[in-house]
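If you check TrEMBL, you get these features:
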type	residues	note
BINDING	B:Arg214, B:239-240, B:253-257, B:270-277, B:Asn291	FAD binding site
DOMAIN	B:7-196	domain 'Electron transfer flavoprotein alpha/beta-subunit N-terminal'
Amino acid sequence: MKVVVLVKEVPDMGKVRFDTEKGVVDRSSADAQINPFDLNALQAAVDLKNLYNGEVTVITMGPLRAERTLRDAYARGADNCVLLSDKHFSGADTFATSRTIAAYISKLYDYDVIICGEKSIDGDTAQVGGEVADILNIPHAYYVEKINSISDKEIVVTINSLCGSKQLRKMKLPALISVTKNINRNELPTVKRKLKSLKIQVEKFGLSNLIDYISEEDTGFKGSPTKVIKVVVPKEKIKECKVYKDDFRGFFSDVLGALKDKKVL
Amino acid sequence: MKTHSGVLVIAEQCFGDIHRVSYELLGKGREISQKLGSPLYSLILGGEGLNVEELNYCGADKVFYMKNKCFEKPEEFLFKENIVRFIEEQKPEVVLIGATSFGRSCAPRIAASLKTGLTADCTDLYVDEEGNLIQIRPAFSNNILAHIKTITIPQIATIRYKEFNEGKRDTNRGINITVLDAYVSLNDKSEIIEIFKDSDFDITEAKVVVSVGRGIKKKEDLEMFKELVELLGGHLGASRAIVDAGFIGSAHQVGYSGSRVKPKVYIACGISGAPQHIAGMKEAELIIAINSDSSAPIFNYADIGYVGDLYEIIPKMIQALKNNK
């Protein structure tokens, strides 16, 4: 069972600062970390590997420092760590990113399942999974909360919500799934694996390694059909909250007034 | 002469009912099409018997109804294949899709097939002086708003539900419906085995949501909240902690990794207000917070607050509401 996991490196949202005046995100204000949603994707892959004697390849695209994120993925159970890094790749939107990742996966050739997290906490688009699946011409399912079964040829998954219903879906392999946070609980890396992760070789691929699968003009900023023209950082609105304590009558009459006002009662 | 013209709204239907986001897309789409001086089209894919004239009434100049049994169940590949073929023939310059769970799963495939850009989960749109569609979307966990331009055609965006007003319904508007058959109706790579509901409600449609968080001690304590919910005609929501603890199903989960809700009234009970939870409810029209900790961040987002013990306040509220009837 060959499982590919797509991960993204994101800033720590609790610490990252936003400049309301300039409208920029100060990425240097916070450490980079593995996108929290991707930890569930990685765990799902590691669980499959443990059940079916498989191999987990983690792919990320980013600057060279993203190696650290891949070492973290190794510590958590990945076998192969792949970094797609090249100056031509920078400034990529979701489509250019998906094309680059799909180019690497086409080169990899032998894989059964691709697993992604539900979305990233920075871009928040949830687009790369579907785009990669389409470029590779394989089926996909989003919002997967359970992998019911998997064989050499097919996978059966439970989709949490599509049109307000759950769905049990069977797909031929290879296929791509994106998983919700409810699919599993992340296990912490062992000390032994953490230590080993510092010594492993991270495989690096640049444009020249992928040139049979993608051309320069389809990568990075140049290959991106969407362009961010402006970023606005809205000031967080703090409401004037009317807080009551030891005055239930006062509180309730306010609540009642509001409920009537909103035509709820 | 432009090679592409017209604004295309992909209307969504869920098991035979047209999703309301479709009418909101028509409302905004009308505005965009007037700015561009081009017509507003709507495409809907579904089985027999859809009320597609409603799409005309709510603003579409022309409705295309692609009718086939294969569209009765939501499966991305078939929808995408057919939508892409339609777009290639019709050549719209703008395509709007609802950012529903299905829309967000389908749209990346559509855009990738057309080798064009896609902007996800937009909360606003406008047309700039050169006639480009500028798409505004929150990113970085709702901390910033990015203005995005697409340099390829068509410009495709998914649009958040409940951001725009529905197109004004006018039954005098002319009916113009073209029925089409599916280009492709089989996908041998994917098969829906079963569709089932684990809940008979959709929390995103609720007018009132009463949510519980870590402030409750055990599963049985949910009963009093259910009683409150019943009195208010709402739905019960929960923070992730309560879902993780197994107290309640994930259909109730409100927040960044659960559902984003926009009810008239949101009552947060024993919820401290972690950013992940706030992201899912801060757009409620009115927020009431009850928490024993007066420094809980939830009070920064609430309109009315009460500092006190849930186990004392909730029964009192239930009694007071009953007395009020």
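Note: Cβ is positioned from N, Cα and C throughout, glycine not excepted.
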Binding-site residues: B:Ile271, B:Ala274 - member with fewest neighbouring CB atoms within 10 Å: B:Ala274
DSSP-derived structure type at B:Tyr256 (FAD binding site), helix or strand or else coil: coil
Which of B:Arg214, B:His277, all binding-site residues, has a Cβ with the fewest other Cβ atoms inside 10 Å: B:Arg214
Long-range Cβ environment of B:Tyr256 (FAD binding site), under 8 Å and at least 6 residues apart: B:Ser141, B:Pro275, B:Gln276, B:His277, B:Ala279, B:Gly280
Nonlocal neighbours by CB distance (under 8 Å) for B:Gln253 (FAD binding site), same chain, sequence gap 6 or more: B:Gly237, B:Ala238, B:Ser239, B:Arg240, B:Val243, B:Ser259
Secondary structure of B:Ala274 (FAD binding site) (DSSP, helix/strand/coil): coil
